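Chemist: This is the feature table in Swiss-Prot:
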ACT_SITE  C778  active site, phosphocysteine intermediate
COILED    555-615  coiled coil
COMPBIAS  36-78  compositional bias 'Low complexity'
COMPBIAS  79-98  compositional bias 'Polar residues'
COMPBIAS  511-536  compositional bias 'Polar residues'
DOMAIN    695-834  domain 'Tyrosine-protein phosphatase'
REGION    1-103  region 'Disordered'
REGION    503-584  region 'Disordered'
REPEAT    160-181  repeat 'LRR 1'
REPEAT    183-204  repeat 'LRR 2'
REPEAT    206-226  repeat 'LRR 3'
REPEAT    229-251  repeat 'LRR 4'
REPEAT    252-273  repeat 'LRR 5'
REPEAT    274-292  repeat 'LRR 6'
REPEAT    298-319  repeat 'LRR 7'
REPEAT    321-342  repeat 'LRR 8'
REPEAT    345-366  repeat 'LRR 9'
REPEAT    368-389  repeat 'LRR 10'
Amino acid sequence: MIFKKLFSKGSTSPTTRPRGATFSGTFPTDVLSDDGSGTNTNGLSNSTTNPSSIHSTPTTPTTTASTNLTNSNKLSTLAPITNGNRSLRGSKDGSGTTKESKKKVLTLNEKQKLLLKSMEYIKGSGTYYGNYMEFYEIPIQIYVGTEPSETYPSLSYNTELRSLILDFNKITEIPEQIGLLPNLKHLSLAANQLSQVPEFLSQLKSLESLELGINQFTSFPLNICKIKSLTLLRLETNNIKSLPDDFINLENLKDLSLLDNQLKEIPDSLPNNIEKLNLGCNDIINSYSKSLIRISHSLTTLNLSENKIEVLDESLSCLVNVKTLILDCNMIKVIPGSVLGSWKSLVTLNLPHNFISDLPAEIVTLDNLRIIDLRGNNFEFCKNYPSSESSSILFKIEEFIKDKEKLKSLILKENLEILSKLKDDNSTTTTTNINSNLDVPIIITTNIETIPTTSTTATTTETTNDITFKISDITEIIEKTDTTTTTTTTNQTDNVKLEEKVYEKQENDENNSVTLETTTTISIASDNTDEASIQIPQKEDGDKENLENDDKLLQESFSENNNNNNNEKQQEQQENPLKESQGKIQQLEEELEKLEQKQLELKDKIRLEKIKYQEIQQQSPRLSQQENNQEAIVVNTQPSSPPPTIIVNEQKSEKLENEKPTKREQPMVVVTKNNNKAEVEMTAPNQLIFWQSIVPDLIIDKLYLGCRECAMNKSWLKDNNVTHILTVANFKPLYPDLFKYLIINIDDVDEANIYQYFKEMNTFIDEGREKGGVLIHCRAGVSRSATATIAYIMMKNSVKFQEAFDITIKGRSRIYPNRGFLNQLKKFEKDLSK
């Protein structure tokens, strides 16, 4: 790996220039001066009169301190000092001629004085910002107050200051005077040149938040372990390899970020009450950790992205309270179902840019899951879809699951558990989300006693409580039954016995009747009705006594026959144990054969009903959310999910068939009252699935230009035979074992000298194209990487800047190199002509 560094880690980073509009056509020639200096004959810096397409030269930023400032945007670039309109070259008078505008040019000393004046601390302020000020030490002006210091006579205790933010400076140490800020709660010294934390910092008993990212720590600063009051600690982008044992003593710590360090494993000394843990961009290989098990009671957010994890250990099943799990850019091939199924609190699951080709069926049991990121994996069925398509419209989560049989089994189990709860509650109001992931709806009605056998869907005389789930679920009941019973739901337990005879094939529009224990029955319609359903209607009062007598006689007959058979079997068992065993085997084989035959018959019926249902569904769309006579009632089903809405429509079913569907933004329960019968339909909660991958643009043969995410998409890069990656930014290689990298550490600012790297980058690009292919990228794929691409085309094709620019923008229309880079490309054009 080749690594180039232009600025030291703690050097000042100038302000970010404004990003302009996309070029379309010839680049304006007046932007470039003949000598490449970026100035015109009028002595003013080059800029266009269109504010949306300027690249202004950064100026030193300023900031103010006031009591109403917050630390929510402390790392952002502050507003630069301006003097008039910097982008205006001249103004037109009434005659239409252009006059040069006068612009006062501040000297360096004047700028510094103005900055220092603007940074004067206002006595009594609770926050002080001093970002990008090139401070070499903490300014002493903040030590003002009513109580003078005995140790430092010229300074005073400042009891008002709560937040001190001095990011992106050149501070090398924390002074002892920091003790004069006894009520300081937030201290941020990110992007400085610190290498140690002094012990006296622990004297700040109110300090809760400490941010020391992007400094020069080669090991974890031990004195941090003595600051017991810390609740937030950030040490991103240092060279920390491990954590000390005493770190576990920070019992108040809830938010810890060790992003972009050199950790080889998940530390064992994590404090007990961590809620948010960021270990991304390290070198972690093993996902097993004792500390994760220990803190699982409090952990809600875990980031393990950009590591080298290949296997998710079974111990990760302890993450029962995690709501956000980030596993981007690892080497994961399989997600164990036993692990995934235990993440019941999960709301956001990020798995982009791994090697996953299948999701476990257990993912459908995660009721709180709302966002699933699957970009850049190996799901074959969606590779040919354009990335512009909406994933939430095209695909459902079930399509990413290969084990459909297990999927149906899990859905059935979940629905039966819900049905059992509804029976136990003996409620007439549906408040539970029924999983409706499969195709055909089934209606189950509770709170009734018996069921008549009919050839059509019965209409009850009283309002019933119908709950929709899918007909495919019933297949699993048949597959797992014996000759006499099958498992569903009862009032006392989770089992309901379905008698074998209900599954015998019926002809001539006869239905299969199933009698449930206690007061609930299920009827499976097997004729060619318009909609396959399982329904439990209320029986007529006139038939009640006769049906009860018939049931009693039938039960007595079964009981007598069973007793006789049991007595005979007991005698045979006592006489010949061997015969008993053989008989059991034969009996089980016969039962298995019958069940297999019944399973095939029912599967064939289900298949035909699904086809018919889909045809009917296309002709008559579902109930609209916003049509006539709606009455909405909010019912909470899950604590972390949006509440479903119940919409009651008292209207004829013929009218419902003609209504157009509307897009539903939340889970929905639709109750339709028609002829004194209530039908309830519950739609599954919406899930946002990201599957589209961002891919780079092909500029010329075997040369791709893109953003940083394109460099993350290793599956696409491997599929397109990319072997080399040129990174024109300060990003460490993501996959050094898969690709060869050249890192050019340079900022996207006008003053940066990218010209000096043209020769080295061109050689690397040539090598990559010879080996298979090369990707050139920066953060956005707009300025730095575009400049490198243009320079290579100028050299390789022996063309001028404008022609190389046109070739590049044709392949990637969003490119926009900054003004300084454009001037250097113009200079490169002159050098090539020599």
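Each residue, glycine too, has its Cβ placed from N, Cα and C.
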Chemist: For the repeat 'LRR 9' (345-366), give me same-chain residues lying six or more residues beyond its boundaries with a C-beta closer than 8 angstroms to one of its C-beta atoms, as numbers and ranges.
Modeler: 300, 305, 320-338, 372-380, 397-398, 400-403, 406-407, 409-411, 414, 435, 437, 640, 690, 693, 712-715
Chemist: Which residues in the same chain, at least 6 apart in sequence, have a Cβ under 8 Å from the Cβ of C778 (active site, phosphocysteine intermediate)?
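Modeler: In sequence order, C707, R708, T727, V728, A729, D748, R784, S785 meet the Cβ cut-off.
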Chemist: Mean pLDDT over the repeat 'LRR 2' (183-204): what is the value?
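Modeler: The average pLDDT of the model in the repeat 'LRR 2' (183-204) works out to 96.
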Chemist: So which residues does the repeat 'LRR 4' (229-251) touch in its own chain, when a touch means Cβ under 8 Å and the partner is 6 or more beyond its ends?
Modeler: 190, 204-220, 222, 257-264, 267, 269-273, 278
Chemist: Helix, strand, coil residue numbers for the repeat 'LRR 8' (321-342) per DSSP?
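Modeler: The repeat 'LRR 8' (321-342) comes out at 4 helix, 3 strand, 15 coil.
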Chemist: Near the repeat 'LRR 2' (183-204), which same-chain residues lie under 8 Å Cβ to Cβ, leaving out any that are not at least 6 residues past its ends?
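Modeler: For the repeat 'LRR 2' (183-204), the nonlocal Cβ contacts are 9-10, 13, 71, 74-75, 159-174, 176, 210-218, 221, 223-224, 226-229, 234, 236.
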Chemist: Could you find out if DSSP has the residue listed as 'active site, phosphocysteine intermediate' as helix, strand or coil?
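Modeler: The residue in question, the residue listed as 'active site, phosphocysteine intermediate', is coil (DSSP, three-state).
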Chemist: Based on DSSP, tally up the residues of the repeat 'LRR 3' (206-226) by helix, strand and coil.
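Modeler: Once the DSSP states are binned, the repeat 'LRR 3' (206-226) shows 5 helix, 3 strand, 13 coil.
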Chemist: Report the DSSP secondary-structure composition of the repeat 'LRR 2' (183-204) as helix, strand and coil residue counts.
Modeler: 5 helix, 3 strand, 14 coil
Chemist: Tally the residues of the repeat 'LRR 1' (160-181) by DSSP class, grouping H, G and I as helix, E and B as strand, and everything else as coil.
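Modeler: Per-class counts: 5 helix, 3 strand, 14 coil.
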